[in-house]
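A quick write-up on the structure given underneath.
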């Protein structure tokens, strides 16, 4: 404990804007796919709960990490 080592981020801060953009675009794609999937169903009696949950889970994960890196890009360190 005499000598403390400096913390180094696992992700280079120079790639935060690019990473945020890519993650937000992928999340927006999954969100659009989810809305199109729900609206274009022929009958509402179809049981597609698992597929809807998986698409929405992917969308929320990508959008969540995209927003975190967007906040880091603009200087809001969370």
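Glycine is treated like the rest: Cβ placed from N, Cα and C.
What Swiss-Prot records for 1-18 (among others) is topological domain 'Cytoplasmic'. Same-chain residues lying 6+ beyond the ends of the topological domain 'Cytoplasmic' (1-18) with a Cβ under 8 Å from its Cβ atoms: 69, 72-73.
Here Swiss-Prot flags 40-53 (among others) as topological domain 'Cytoplasmic', drawing on a curator's inference. Sequence-remote contacts of a segment are chain residues at least 6 beyond its ends whose Cβ falls under 8 Å from one of its Cβ atoms, and for the topological domain 'Cytoplasmic' (40-53) they are 34.
Within the chain, the topological domain 'Perinuclear space' (75-78) has long-range Cβ neighbours (under 8 A, six or more residues past its boundaries) at 68. Residues or ranges marked as topological domain 'Perinuclear space' in Swiss-Prot: 75-78.
Here the transmembrane segment (19-39) has long-range neighbours at 11, 48, 51-52, 55-56, 58-67, 69-70, 72-73, meaning same-chain residues at least 6 beyond its ends whose C-beta is under 8 angstroms from one of its own. Summarising the annotation, Swiss-Prot assigns transmembrane segment to 19-39 (among others) and lists sequence analysis as the type of evidence.
Per Swiss-Prot, the feature transmembrane segment maps to 54-74 (among others). Residues 13, 16-17, 19-24, 26-28, 30-31, 33-34, 37 of the same chain, all 6+ positions outside the transmembrane segment (54-74), place their C-beta atoms under 8 angstroms from a C-beta of that stretch.
For the topological domain 'Perinuclear space' (75-78), the number of residues in each DSSP class (helix H, G, I; strand E, B; coil) is 0 helix, 0 strand, 4 coil.
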